[in-house]
Amino acid sequence: MQTVKLNNGIEMPLLGFGVFQMSDAAECERAVIDAIDTGYRLIDTAASYQNETQVGNALKQSGIDRNELFVTTKLWLQDTHYEGAKAQFERSLNRLQLDYVDLYLIHQPYGDVHGAWRAMEELQQEGKIRAIGVSNFHPDRLADLIAFNNVAPAVNQIEVNPFNQQLHAVPWNQSRGIQPEAWAPFAEGKNGLFQHPVLTAIGQKYSKSVGQVVLRWIFQRGIISLAKSVRKERMAENINILDFELSSEDMLQIAALDTATSAFFSHRDPAMVEWLTGRKLDV
């Protein structure tokens with residue numbers, strides 16, 4: 001598995017497996033075991049997904065050495081402050097049945113992110129976290145976080161797909177040494193992604209699926225991607241993107257699909273901010 005070096009020197013796989021919306025315990029455990037067996041080493045969960053226990057069980061059952069795995073989890077909103085971050089992190093660590101996590105992210109750009117960040121800096125210094133980062137932060141929020149703290153985020157996990165290509169955010173992150181990571185690379189199939197004529201034509205040229213074309217496009221932009229599936233054959237397909245390369249013409253054709261609009265919602269929409277900040281979970 002190819003890796004990228006983060007700004008603190010640690011290596012992170014460029015292809016990962018996510019477990020968002022895997023609420024069935026048995027299915028989640030089996031999916032993570034299958035993903036690891038297929039070759040994935042980056043496993044991405046979050047407190048708000050409420051499946052950290054199942055991920056932890058699968059990691060133990062996998063038989064893979066801990067130092068070969070890269071495990072990410074995330075801090076949910078209700079504890080985005082100094083004391084809350086410390087406490088929620090320990091609960092996540094217990095559910096995952098681990099001594100440390102490789103990457104811990106502030107899941108949403110709201111609340112006392114500065115207090116939570118200072119707690120995360122301390123947890124990193126204690127060796128409980130190898131790298132700290134954020135998710136869904138626009139460049140202006142990142143600039144604010146960097147200006148008033150000692151450690152710059154190693155990763156920013158954001159929505160990236162052919163319809164929302166983040167043409168400003170991605171290079172801005174990269175120019176500051178922050179590694180972009182794509183959630184929802186397939187936009188959950190919205191806008192007819194899997195049947196899109198541009199993407200299907202490119203796939204036919206290389207005898208690859210639309211999913212493989214999208215993941216290869218993200219890979220060639222230097223972005224980590226998180227694909228999700230409960231089918232082992234699809235997991236294998238999604239990880240098999242290193243044996244072809246998109247041409248500059250292909251990249252330009254995909255670039256033309258950008259609408260610069262989220263396939264889901266804007267993190268700057270006041271109604272969504274109110275909904276997210278009011279979402280209290282048992283985490």
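Even glycines carry a Cβ here, placed using N, Cα and C.
According to TrEMBL, the feature active site, proton donor maps to Y49. Y49 (active site, proton donor): 23 other CB atoms within 10 A of its CB, across all protein chains.
What TrEMBL records for H107 is substrate binding site. Under 8 Å, Cβ to Cβ, and six or more positions away along its own chain, H107 (substrate binding site) finds A46, A47, S48, K74, L75, W76, L77, S135, N136.
When pLDDT is averaged over the domain 'NADP-dependent oxidoreductase' (17-257), the result is 98. According to TrEMBL, the domain 'NADP-dependent oxidoreductase' annotation covers 17-257.
Look at TrEMBL and you will find K74 tagged as site 'Lowers pKa of active site Tyr'. Neighbour density for K74 (site 'Lowers pKa of active site Tyr'): within 10 A of its CB lie 26 other CB atoms from the protein chains shown.
K74 (site 'Lowers pKa of active site Tyr') carries a strand DSSP state (E or B).
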